[in-house]
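Structure, as structure tokens:
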Amino acid sequence: MSTDSAGPARSTAPAADRPAGTRVLVINSGSSSVKYQLLDMAGRTGADGTGTAGTGPDGTGAVRLASGLVERIGEGPVADHAAALRQAAAELDERGLGLDSPDLAAVGHRVVHGGTRFTEPTRITDEVVAGIEELIPLAPLHNPANIQGIKVARELRPDLPQVAVFDTAFHSTMPEHAARYAIDTATADAHGVRRYGFHGTSHACVSRAAAALLGREPAEVNVIVLHLGNGASASAVAGGVCVETSMGLTPLEGLVMGTRSGDLDPAVIFHLSRVAGMSTDEIDTLLNKRSGLLGLCGDNDMREIGRRMAEGDRAAGLAFEIYVHRLRKYVGSYTAVLGRVDVIAFTAGVGENSAAVREAAMRGLEALGIALDPVRNALRGSSARLISADGSRTAVAVIPTDEELEIATQTYALVGAVRD
Ligand SMILES: Nc1ncnc2c1ncn2[C@@H]1O[C@H](COP(=O)(O)OP(=O)(O)O)[C@@H](O)[C@H]1O
Ligand SMILES: CC(=O)OP(=O)(O)O
Ligand SMILES: [Mg+2]
């Protein structure tokens, strides 16, 4: 746990210190876009009656008051992240939900890389910002954008508590034998080379919701979470604690993703350098931006790949098979890691929406006690649901993720605004 943290994540501050507001603004300042959400954590409908009840996989009763996306940073009027944040603030202002509102209790920021230092939600100070800056070499695509978001939000509301919630935090419980690469220890330690894991807020809230769907406590349940969005990662969660995950030093390792390769022989990099004469930056771009589904078939959107497969497109079909083959390998190995798997949870854009991916990823796993119900799997829905057959030893579920609600919940808990 960080020494900068104001206290354990779920502690409650003395009543006198509690902020008056019940709203949390969540900012996910990414490399090319800024996503934001305003949530009311008191579970009441907004003053203007616009609230949508029942958000989130946990059914916490938090209310989403507004959400938005500012894209194409660096183009046109949105010159940089500061401009994007100001645009987001102006959009909220127009709806009478501006950052100057006394109802705002805190701002929660998604920060992708917390290294080994930040393993809890952390109240942001100058020192914490410096600490996140020091981690830029480990997350050159993500942390600089996160820092921009923090700086602008602190400028706009210097009086407001700001909290960093780290993608890596949930995975910090991984045992050393899962977190270390088998390389020279001194070199690894000198440069922070180890497996950190990402998408932690999603793996945390989805694994909890999967236990709830079974009517059990997280502490009693072993879960494999398959977070399949543009970025994709798997995790093995034993009794509520993450013991293994597929992403590593950076979000490049593991599953096949929209544009990232996931696992490969590291010697591919030496080979491309020596034989193809590619530079480090060129290989970085190849593996992060021109690989995965996009590299294999020219499309990174699973919907488009489905359409092309229906027309008999062989490149799209092969990309799909490589994608689901990798998933099956991870499910098999995480079954070995966990010993007993109570539930496999599919989440994020592809996991929640693609019955074809779920069916293909679970195909042939009957020997592991996994059997889908094809009718349940094909049903569309927006809430957590079981898709396994009644006799399946391991349940299979679709659980909508809600990273923003998880960030808001952790932020609100940290600033001590939890009402009894
Ligand atoms: N109906 C659908 N069928 C298949 N894939 C879908 C569907 N809807 C969304 N997706 C996939 O979800 C992906 C985006 O997932 P999402 O979790 O929103 O990603 P991220 O948050 O990482 O940007 C898209 O690439 C798209 O392929
Ligand atoms: C860490 C990571 O891969 O995030 P995203 O899925 O948002 O790209
Ligand atoms: Mg997402």
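Each Cβ is built from the backbone N, Cα and C atoms, and glycine gets one as well.
From the options 1-20, 21-40, 141-160, 181-200, the stretch TrEMBL describes as region 'Disordered' is 1-20. In terms of local Cβ density within 10 Å, Leu228 ranks first among the binding-site residues Leu228, Val350.
Between Leu228 (ATP binding site) and Asn28 (Mg(2+) binding site), the C-alpha separation comes to 18 Å. Taking Lys35, Asn230, Val350 as the candidate binding-site residues, the subset whose CB lies under 6 angstroms from any atom of ligand 1 consists of Asn230, Val350. Remark: of the recorded positions Asp167, Asp301, Glu352, Glu403, the most isolated position is Asp301 (fewest other Cβ atoms within 10 Å of its Cβ). Less than 8 angstroms from the CB of Asn28 (Mg(2+) binding site) sit Val34, Lys35, Tyr36, His109, Arg110, Gly149, Glu403, Glu404, Ile407, each of them six or more residues away in the same chain.
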